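According to Swiss-Prot, the features are:
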type: REGION; residues: 2-23; note: region 'Interaction with VCL'
type: MOD_RES; residues: SER23; note: phosphoserine
type: MOD_RES; residues: SER29; note: phosphoserine
type: MOD_RES; residues: SER33; note: phosphoserine
type: MOD_RES; residues: SER37; note: phosphoserine
type: MOD_RES; residues: THR41; note: phosphothreonine
type: MOD_RES; residues: SER45; note: phosphoserine
type: MOD_RES; residues: LYS49; note: N6-acetyllysine
type: MOD_RES; residues: TYR64; note: phosphotyrosine
type: MOD_RES; residues: TYR142; note: phosphotyrosine
type: REPEAT; residues: 151-191; note: repeat 'ARM 1'
type: REGION; residues: 156-178; note: region 'Interaction with BCL9'
type: MOD_RES; residues: SER191; note: phosphoserine
type: REPEAT; residues: 193-234; note: repeat 'ARM 2'
type: REPEAT; residues: 235-276; note: repeat 'ARM 3'
type: MOD_RES; residues: SER246; note: phosphoserine
type: REPEAT; residues: 277-318; note: repeat 'ARM 4'
type: REPEAT; residues: 319-360; note: repeat 'ARM 5'
type: MOD_RES; residues: TYR331; note: phosphotyrosine
type: MOD_RES; residues: TYR333; note: phosphotyrosine
type: REPEAT; residues: 361-389; note: repeat 'ARM 6'
type: REPEAT; residues: 400-441; note: repeat 'ARM 7'
type: REPEAT; residues: 442-484; note: repeat 'ARM 8'
type: REPEAT; residues: 489-530; note: repeat 'ARM 9'
type: REPEAT; residues: 531-571; note: repeat 'ARM 10'
type: MOD_RES; residues: SER552; note: phosphoserine
type: MOD_RES; residues: THR556; note: phosphothreonine
type: REPEAT; residues: 594-636; note: repeat 'ARM 11'
type: MOD_RES; residues: CYS619; note: S-nitrosocysteine
type: REPEAT; residues: 637-666; note: repeat 'ARM 12'
type: MOD_RES; residues: SER675; note: phosphoserine
type: COMPBIAS; residues: 734-745; note: compositional bias 'Basic and acidic residues'
Amino acid sequence: MATQADLMELDMAMEPDRKAAVSHWQQQSYLDSGIHSGATTTAPSLSGKGNPEEEDVDTSQVLYEWEQGFSQSFTQEQVADIDGQYAMTRAQRVRAAMFPETLDEGMQIPSTQFDAAHPTNVQRLAEPSQMLKHAVVNLINYQDDAELATRAIPELTKLLNDEDQVVVNKAAVMVHQLSKKEASRHAIMRSPQMVSAIVRTMQNTNDVETARCTAGTLHNLSHHREGLLAIFKSGGIPALVKMLGSPVDSVLFYAITTLHNLLLHQEGAKMAVRLAGGLQKMVALLNKTNVKFLAITTDCLQILAYGNQESKLIILASGGPQALVNIMRTYTYEKLLWTTSRVLKVLSVCSSNKPAIVEAGGMQALGPHLTDPSQRLVQNCLWTLRNLSDAATKQEGMEGLLGTLVQLLGSDDINVVTCAAGILSNLTCNNYKNKMMVCQVGGIEALVRTVLRAGDREDITEPAICALRHLTSRHQEAEMAQNAVRLHYGLPVVVKLLHPPSHWPLIKATVGLIRNLALCPANHAPLREQGAIPRLVQLLVRAHQDTQRRTSMGGTQQQFVEGVRMEEIVEGCTGALHILARDVHNRIVIRGLNTIPLFVQLLYSPIENIQRVAAGVLCELAQDKEAAEAIEAEGATAPLTELLHSRNEGVATYAAAVLFRMSEDKPQDYKKRLSVELTSSLFRTEPMAWNETADLGLDIGAQGEALGYRQDDPSYRSFHSGGYGQDALGMDPMMEHEMGGHHPGADYPVDGLPDLGHAQDLMDGLPPGDSNQLAWFDTDL
């Protein structure tokens, strides 16, 4: 029978090597596990054929395929000869597949495998055998290692505590070797006495090799939770922190990586590291040059500083901000830059660390990384820059950063756009150089496009609108910026933001932007056509009613709604209407909305800024005779006369101007009395002004200039409004620093004023306007 012949052939091939096979297994510390007794057994053939490798195929087809696979042709006799060779070496092929270690070196066995991607049947059958063999080997090795370690640990513990340092060194080396194998490593970590001895030896030794071996052992143990707990309970953290002062790089590496594993996975490790002085030691290591070592060290600092103010202050006191900024400026290793930017991000929300990072050049060091291909690095740098930017408005050398931020506004990543808009908003605050730079690199167009794309995402639209508000005021390119918003189709979307679902912070910023846009006469008609005036009046009425309701209920403190005071909305809307009222058609619309009674009522406001803008808008409306009569009919003369005595020069000036225009049709006696009243009120603190007025030269028609408002005025106050929201890591919000009120322009025409004696000299004698006082509309620090 063919199958029996095959089995006999296999048995004859295996017989001579049977003892060698058994011997080989015994040399590997194995006993005979049944391989010898089962050497001559095999499963019967399922096909019943003599040669299990043969297939029932057509011979001619085989010959055809054979010829296709070789460049030379074979005769029938040659094919039979080759087939015979394969039959004679069948046993060797089986042995090579299942027990390759039993073959003699150099033995050549013809292979039946023609395609490396398709193993033969014998090779496939041999795979489970090989897997079983390796499993048995691993199991026996593991058992041997565990038994050896268990027997050796008590003795090694004694040797580690020996007084002879040579003995201690040898024991440390042996323990280190044992810790490299998993079984013995588990045995070590389960012995508190051994772990304590390792920690004590590492801490007390003066021998470099002993320190290296003990630190290496703890490093190996720290890859297991059980090992981390054993190190923690044995007081390993203070010892490892001490090793951070070692001059040996390998010891430093073992110590910092072990501490890193503890900080990541062991409860209580953070506090232990802080108490042991680990923060100071880690900051001191930031001057090293090994980038991988620095990456681990900075990650440790991030873990320790996150959510812990005391740690942030310790890092600051240790010189951390400067060292971290130097790393960002010096290295290119992505992981190091990423871990360092994470530390800076955590520190950037600390009010003490923030200015230190900025002064160390943090803005300039982080900026170049915004074009890095690593998105995680870019995102961390953006968050950090966003948090730092409100403290960096006075920084120089920001041109490159500003250009990059404008480019990033076109990103498809919402987080990138959000951060870029926020940073631009803060950096353009009260910095005319930054404003001009952003305008010159296409910032207006980019910001308008950003607002258009953002839709109702206020975390993007609010900072973008704030940035536009800054860019349209108080710098040489401001008029160009005011025009550019219109030319890039921004007016419709800006006016739309005054409507729901916009929240009060966004509405406040939009009102300020509209006020600035109205400084450009070319924007008057488009803003009117977009319905800006009725909506501003609606917002004004609503905010005023809210303040009146609160006052009637006995409230004394100003109320915040979504972080915005309603008094700010009253002031902002009135100021925007004041500038829009420079256009005659806009004045008609404003008067037609029955706003004059409200403006007159605002003259009684206890807030000087509201008094000023109310008087300002009445001043513009009073240019029209009908409006002047309506103002007088509402009883405005009394409050305006009272405001002539205001300590705020802007309020007094506007009140005087309204009274001028209201007196146009009055008798001459009335005009003379008014002239005397104005003279005594406006020049009460300057008795010699009448003789000096010719040289003072107030330019009443200067667009956007403020009227007589000095910084030492008690009404010149600052406040903070909330930023654009906090991030998921507890980031502090960006602070938008703003002044309490803006300062209305004074470019109303004076040609039509009646002759009031010295009236023109009176107007010329006022202090010149300060163009840097438009505070409500451009955030001031």
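Keep in mind that glycine also has a Cβ here, set from the backbone N, Cα and C atoms.
Overlay of Swiss-Prot annotations on the structure.
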residue: SER191; record: phosphoserine; Cβ contacts under 8 Å, 6 or more apart: ILE153, THR157
residue: SER246; record: phosphoserine; Cβ contacts under 8 Å, 6 or more apart: ALA211, LEU252, ALA255
residue: TYR331; record: phosphotyrosine; Cβ contacts under 8 Å, 6 or more apart: VAL291, LEU294, LEU337
residue: TYR333; record: phosphotyrosine; Cβ contacts under 8 Å, 6 or more apart: VAL291, LYS292, ALA295
residue: SER552; record: phosphoserine; Cβ contacts under 8 Å, 6 or more apart: none
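Relative to the repeat 'ARM 7' (400-441), the listed stretch 361-389 leads the set 277-318, 361-389, 531-571, 594-636 in CB pairs under 8 A. Broken down by DSSP into helix, strand and coil, the repeat 'ARM 7' (400-441) contains 32 helix, 0 strand, 10 coil. Its own atom aside, the Cβ of the residue listed as 'S-nitrosocysteine' has 26 Cβ atoms within 10 angstroms in the protein chains shown. Outside the repeat 'ARM 9' (489-530) by six or more residues, the chain places 448, 451-452, 456, 458, 461-462, 465-466, 468-469, 472-473, 478-479, 482-483, 536, 539, 561-564, 568-569, 572-573, 575-576, 579-580, 582-583, 585-586, 589, 703-704, 721-722, 742, 745, 776-777 with a CB less than 8 A from a CB of the stretch. Counting residues of the repeat 'ARM 4' (277-318) by DSSP class, helix then strand then coil, yields 34 helix, 0 strand, 8 coil. Broken down with DSSP, the repeat 'ARM 2' (193-234) shows 35 helix, 0 strand, 7 coil. Break the repeat 'ARM 11' (594-636) down by DSSP state and the numbers are 30 helix, 0 strand, 13 coil. For the repeat 'ARM 10' (531-571), residue counts in helix, strand and coil come to 27 helix, 4 strand, 10 coil, using DSSP.
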